[in-house]
Structure formats: C-alpha cells, structure tokens
Amino acid sequence: MAYPFQLGLQDATSPIMEELTNFHDHTLMIVFLISTLVLYIISLMLTTKLTHTSTMDAQEVETIWTILPAVILILIALPSLRILYMMDEINNPALTVKTMGHQWYWSYEYTDYEDLCFDSYMIPTNDLKPGELRLLEVDNRVVLPMELPIRMLISSEDVLHSWAVPSLGLKTDAIPGRLNQATVSSNRPGLFYGQCSEICGSNHSFMPIVLEMVPLKYFEDWSASMI
C-alpha cells in the first residue's frame, strides 16, 4: 500500500517483488559507489595543483577503466537476467484469469470456471464509504487465492493499457490483438491496489485495479457463490 509523501518502494507482497526490491538496492549501491568515486576524482582535479603535462598515454589506466566497467555491468546483468527468467516462467498454474482492458474499465474471466466473469469499474468519489480510497476502489474486486501461482493473461479490446499492481511487482502491457502473460503470487492475504499505467485516453486515471488475496477455502466459497 502506498502512503502520502512515500519515497521508497511499496512493501513487497510477492516473491517477485522481494527480488525486485533486493535488485534495486543492489544496483543503487553500485551507482552510489560509482558516483562517490567520480565526485572524489572531480574534487581532486579542482583542488590539486599538480599536473602531468608531458603524459601522452597511460596504458595501465586505460586497461583499468575498460575492465572495471565491464565487471560492473556483469554484476548488474546477472541478477537482472535471473529475475527476468523468474517473471516469465510459470509452471502448472493453480488458476488462470484473463484480463481485458477497455476504455475505461477492466473485465476479468476465470477460465477454469464456467460463466465466472465480470467487469470492474471505479467507484465514484461521491459513492465511497468511510475508509475507502479515492480513485482506487472498484465495484468488483478480483478475488484470488494466496500462496498459489496464478497466471494472468492480459490483453485489450481497444487501445493500449497497462495492468499494474506495484506491491506484487506486476506491470504488464495490455495490447489489442496480443496476449501477454504475468504471474501473480501473494505471500499474505489482503487488498492490493493498482492502476492502469499506460495513458489510454481522457479517463486513464480512473481505471483502478483491486486484488483481494484470500486463503484457498475462502476463494472456493466465493467462486461457488459467483457461479
């Protein structure tokens, strides 16, 4: 969940988001060390009075500043490739949900169940109840079982959209005529909010996403009541 004036990432709720948070910290530390080194060298150049006007080349220095950046790039690329593989790979999903973007709402279809589908519209500000969040609440939440791998198939009926839930580490483009895939998995129950993250028209800001992650038994009871 996001908070006012928040500067950091949202709390990780899925294994993928935990990996992304660790990778963010790993990369940020490398960037911080490089920036510190560069600023230190610049300060030395501005303050020292010693110069080497006769130096034409420095083979050792050139070797270092060629090899060192290559090593740094490898240290960044290896964990990045691992996370990319984890985000794309899904074996034996417990559930498949088809998500379609529209101007300006989402529709969901539980493909493992017959006739379990619905549209999800934003609740207008005037209809909100005490404690509900402005521009983030919907009339029909996506109820999913926690601690199970779930495959989301994402596409669009009209223009480009993007289905994003930050606390789960999800952001997948919804493209007309193309079916994209994302993996949803939550470590704990709760409500997780997202929004369309691709400018899709005048009401782009009014396409919220609400995932309600519940234990498997509650999900089975809910799905039985919806059919």
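Every residue, even glycine, has its Cβ placed from backbone N, Cα and C.
The topological domain 'Mitochondrial intermembrane' annotation in Swiss-Prot covers 1-14 (among others), and the record cites similarity to another entry as its basis.
Positions annotated as transmembrane segment by Swiss-Prot: 15-45 (among others).
Marked as topological domain 'Mitochondrial matrix' by Swiss-Prot: 46-59.
Taken from Swiss-Prot, the feature transmembrane segment applies to 60-87 (among others), supported by similarity to another entry.
The topological domain 'Mitochondrial intermembrane' annotation in Swiss-Prot covers 88-227 (among others).
If you look up Swiss-Prot, you'll see HIS161, CYS196, CYS200, MET207 marked as Cu cation A1 binding site, on the strength of similarity to another entry. Every protein chain considered, the tally of other Cβ atoms within 10 Å of the Cβ of MET207 (Cu cation A1 binding site) stands at 27.
Secondary structure from DSSP puts GLU198 (Cu cation A2 binding site) in coil. The Cu cation A2 binding site annotation in Swiss-Prot covers CYS196, GLU198, CYS200, HIS204.
Per Swiss-Prot, the feature Mg(2+) binding site maps to GLU198. In the structure as shown, the Cβ atom of GLU198 (Cu cation A2 binding site) sits within 10 Å of 18 other Cβ atoms.
For TYR218, the entry in Swiss-Prot reads phosphotyrosine, with the evidence type similarity to another entry. DSSP assigns TYR218 (phosphotyrosine) to a helix in the three-state reduction. Residue environment of TYR218 (phosphotyrosine) contains 15 other Cβ atoms, counted within 10 Å of its Cβ in all protein chains.
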Inter-residue C-alpha distance, CYS200 (Cu cation A1 binding site) and TYR218 (phosphotyrosine) (nearest angstrom): 35
When DSSP states are grouped into helix, strand and coil, how many residues of the topological domain 'Mitochondrial intermembrane' (1-14) land in each? 0 helix, 0 strand, 14 coil
Measuring Cα to Cα, tell me the gap between HIS161 (Cu cation A1 binding site) and GLU198 (Cu cation A2 binding site) in whole angstrom. 5
Separation of alpha carbons, TYR218 (phosphotyrosine) and HIS204 (Cu cation A2 binding site) (Å): 32
